[in-house]
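Presented below is the structure to which this report refers.
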Amino acid sequence: SDAKLACGCSGAHPLLRVPPVPQPPTITLQSPKDYIFDPRENIVIICEAKGKPHPSFSWTRNGSHFDVDVDSKVLMKPGSGTLVIDISGEKAEAYEATYQCLAHNEHGTALSNDIVVRQSRSPLWSKERTEAITVQAGVSLVLHCRPPAGLPPPLIFWMDNILQKLPLSDRVFQALNGDLYFSNVVPSDTRNDYICFARFPHTQTIQQKQPISITVLENSQSAERAPGFMAPVGASSTQMVLRGQELELECIPEGLPTPEISWRKEGGELPSNRMSIVGYQRTLRISSVVESDAGDYRCTAKNKLGSAEHSIKVTVQASPFWISAPRNLILAPNETGILNCRVSGDPKPKITWSINGMPVDSEYHVDSDTVILNHVQSGSSAVYQCNASNEFGYLLANAFVSVLAEPPRVLTPPNNVYQVITNNMALLDCASFGSPMPTITWFKGSTTAIQNVDPYVIHENGTLEIHTAQPVNSGRYTCIATNALGIKENHVKLEVKEPTRILRLPEYKVVERNMDAVFECRVKHDPSLVPTVTWLKDNKALPLGDNRFVVEKDSLTIRDVSEEDKGTYTCIMNTSLDQDSASAMLTVVEQPDPPSDLELTDQMDRSVQLTWIPGDEHNSPTQKFVIQYEDLLHQPDVWVNLTEVAGSGTTARLQLSPYVYYSFRILAQNHVGFSQPSHPSRQYRTNPAAPDVNPSDVQASGTDHNNLVISWKPLTGLQANGPALRYKILWRQKDADQEWVEETVANASRHVVTDTPTYAPYEVKVQAVNDYGSGPEPQLVLGYSGEDLPSSAPEGVQVMVHNSTLAEVHWEPISSSTVRGKLQGYKVYYKRERGVHETEAEAPEGAAPQTVTFGGDLSEGRLPGLRPYSVYDLHVSVLNGKGEGPPSPSRSFSTPEGVPEQPGFLEISNPNVDSLTLEWGPPLNHNGRLTGYTLKYQPVNSTSELGPAKLMTIAANQTSVTLVNLKSSTLYKFYFYATTIKGSGPSITKEAFTVMDTGYKHSPSVGVLCPVCLARPPGPVFGPLNATASEDGAMLNWEYFGQPRNIFVEYTVEHSKEEWKREAVNSSAHSFTIKGLKPGASYKVRVVARDPVTDSMVHSTEEELVSVPAVANRQVDIATQGWFIGLMCAIALLILVLLIVCFIKRNKGGKYPVKEKEEAHQDPEIQPMKEDDGTFGEYSDTEDNKPLKGSRTASNGTVRRDESDDSLVDYGEGGDGQFNEDGSFIGQYSGKKEKDTHEGNESSEAPSPVNAMNSFI
């Protein structure tokens, strides 16, 4: 049989099929038990079944065999039991009967239900005579419909003669049987076209009854009456309903006024979830009736005159229904099986059993609803029928018993991969088939048996459940299906993934209109799962085609937001296994709308009440209202802030000034900003009054020695309070017993009083006046008339010198009468004339004097920053507000000696193995008599620690010194001071290296001395490494700032495990070309500095990747080309001639053992130096790279003559050849002749035949 096994895990196979096995028939589709057909269409009685082999079909009619082949009108569909009966031209009644379908194969017979086939009918209305009805208004009335019985029953409705439905209400109601009830009639019910219609659904025909005429007679006053019931009649009634059907209870009242209906159940509650009250409360409807719905139901009719009740006793009976239908059995031989057929009903159903449609024999053990099959044997497969019936219906069920002997089969596809999220349930399928039923065993890995204990659960169908999967549960699982006939295993894999979680949640945003809103949504997920992000707005997709919404990997950006963009935005991160989501709201805010409807009320002389209606806040609460006014009289078109009101206010009491033509407007402010101004209010004028205030900032001071200027800040138009504003000015000299002098001015802010004494105190007042009176009493202000320059100079000027840079000056204060103003202080002028050791003739050109001002009434002050050992000139003058008085007589003074300034310069030259030369310049200012210099120096080790210091005193007339007995190849730090009798001045410092000891005490060789080796600049030892690929190599460029080391270019093929290859380069070199690289390959390259003794790496550049371009394969074989053969012959001949010449020259100079001398003096730590810059190169034992010894490069790059007698004189510079002691000519060992100094890095190796050959190649 086909079996479907569901699995909630990813990777489960959706449909698992059992391999074909014998199977008795099973009915899969059939027509309903009661089949009503339309006589205009064919009769189709459905019967479909399955089985192995596929079943054949037969039919019974009214309990007898129905031979479908005899009747030409009956056709059975191929491969199916469905009957198609053509009733065209035939009497349809001939085929009304009870049919049953039988499906057969060699393993049994299955039966369908008894299908009762009946023709639908729509009979005509029986003819009857209707009489007109005349009634008094207010009485009840029933119009009977009594439609003809149809199959199925018709649908009833009432209409008029123009086919419009009659209006229904709680007064006029159509009952379930189709009758029309009037609880009370009214005159408007009078009409002659009350027509009952019946619609028959199968035939789609409508029948109508004869129209009924009603005439309602009007009464002067209709008699009201208490409720009663038109249906059902009497105080009580009964009603039976079958379980599962719909119960409809109806109560139709009569009375005047029209009664209201209510429902209740005695001793219980109405089932609210299955209950509805319809038809103007007249009908109680309960769906899917159950046994507990039985009981007494009461309907109550009530109006103002009373009430009436009717009780309906409901009984619930049941046609047979299943408790447990028999299930198919697959048994192995000799097994025992049980078929159960458990049903219920009221009355209790009768159960009968049959086998393949035949009654059960006595050999079977039948116990009412149970059949026991003992020790079944092969070939005993059959279909068993259980029939349960009572007076209300029957149930028929087929259950097959298939006797099979099958080894286990695992139906779950092999090597399934199940993926679940951590902490979720994992279900691993092991669907199996076999007879007997296989036993399922699970293993994790290859040996660990899984027991049915936490965290594992093994279900009956073989599924392994891990309730809360963890990463440790990942792995390979094996399920084994076993029965008596064999064993079968299957392997599956479980992968437990990390859950998808949103780490950075979107946050609530408040964004101004036309700005951008950005929601973040950063997720963490399992690396093997690819998340997809979806954004929703208010649980709907984002608007299509709106480019303002920009969705990126971790964010959503909404550009130029508008009011329509507000809402809730949800980020959903989906993977193939799980999802996570987070939401945040967006609120779009903007400036509020301006207030409206400004109104002025409660008007008074100095105040008015202003009210307004706030505008739209646009999602940002109003913080405040700013009330502004315009003074149309004094400052038209100028709006001034008057007051502020809290954002919740809508009214303000405004304090006003007199004589102002006011107009008001309001601005609202929220978090975003201010609204536009409101429309101005109507104009409001205040009455004039005397000024409330006087001018402010009143001042009195003189601009000349004989005047007094009185000034003030004028009042504004708002402060004037009335017309003709003017100012009354009053003044008098203080303590002079004078009367107030008064003067009135208008449109002015100052007044000048002339002919005043110099710097005399005055009392001043300024008062505001207009046509309505004077302002308040003004405040008294004290001022002074104008100042004049001081008339005398300080006397008794004395100078006290404290040290070489500081002096103190004293003077006698002048009298207050000669100050002639406010004393500001004293000003000291001092100027350096010359040095003490200089004559007046030697004095430099005069510089501008220096000044120091001492405020207040002081009589002394200090002069800092003087030059030591100098002659100064000094005088003092007095200051007031007008200016500076005459100077005092000059005074001269001298400063003593001081310490000198820093030496002018310090240079280090001629570095040697154990010596250095220092040169310097004297200080710019000696600040005394120079007594000499002090030198302090100390070595610096490789960790920048200072060694022991040494001091040296040097005569004042020296400008250089040579230091000896220094350590070779060592960094020294030098401190150099100039001194006078007062001590040492500030030092100048330098650092320098001595050169490396080459092993020759008296004959330094080429390449061992650099010009001044100063400390390397701070920062990395290596600069950036640049690498450029060519067809067969790579060009490298770099910078090196470190101490002398062995420098190597190292390279290796990318992703290979080979050792790094290296090529030595000169330490002074900044570039190198690697040759012979493989085309199309990628290489890692670097430049390293290694220790010359241990060969360990000291410094290295960053590794760079170089990809050598692939070279196209050339198909031409050049070895067969004539030009190539000729070229090779010419080269071979040239090499032979060169070998002969080199051999002859070697014999001429062979007496001088240069190579032997070199090997005898070799030092493994000596490294050759490049001639052009003197930096250290790499050491090499090969003859090709080793320079000749006995020469040395000077700091200027030229070659100097060595002092040794046995050295090679002028070696390497060409010129005239030189002979040694034995007379042999060694000039041939020099390189190119007459080279420029910048070419000094050419090789100086001896020309041997081998070297010549190498050079040629």
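Counting begins at 1 with the first residue displayed.
For all residues, glycine too, the Cβ spot is worked out from N, Cα and C.
Residues or ranges marked as domain 'Ig-like' in TrEMBL: 25-112, 123-213, 227-315, 320-402, 408-495, 499-587. Annotation comment: TrEMBL describes 594-689, 694-788, 793-898, 902-998, 1017-1111 as domain 'Fibronectin type-III'. Here TrEMBL flags 881-900, 1153-1257 as region 'Disordered'. If you look up TrEMBL, you'll see 1123-1144 marked as transmembrane segment. Annotated compositional bias 'Basic and acidic residues' per TrEMBL: 1153-1173, 1231-1241, in sequence order. The compositional bias 'Polar residues' annotation in TrEMBL covers 1243-1257.
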> Okay, the domain 'Fibronectin type-III' (594-689) and the domain 'Ig-like' (320-402): do they have at least three CB pairs under 8 Å, pairs separated by 6 or more?
Replying inline: no
>> Let's see if you can do this one: DSSP helix, strand and coil counts over the domain 'Ig-like' (320-402), in that order.
In response: 0 helix, 51 strand, 32 coil
>> Quick check for me: are there 3+ Cβ pairs below 8 Å between the domain 'Ig-like' (499-587) and the domain 'Fibronectin type-III' (594-689), leaving out pairs under 6 residues apart?
In response: yes
> What are the DSSP helix/strand/coil residue counts across the domain 'Ig-like' (499-587)?
Replying inline: 3 helix, 47 strand, 39 coil
>> Which residues of the chain, 6 or more past the ends of the region 'Disordered' (881-900), have a CB below 8 A from one of its CBs?
In response: 705, 786-795, 797-799, 801, 803-805, 807, 811, 814, 818, 820-822, 824, 827, 829, 833, 836, 866-875, 923, 925-930, 978-985
> Do you know the DSSP helix, strand and coil residue counts for the domain 'Ig-like' (25-112)?
Replying inline: 4 helix, 47 strand, 37 coil
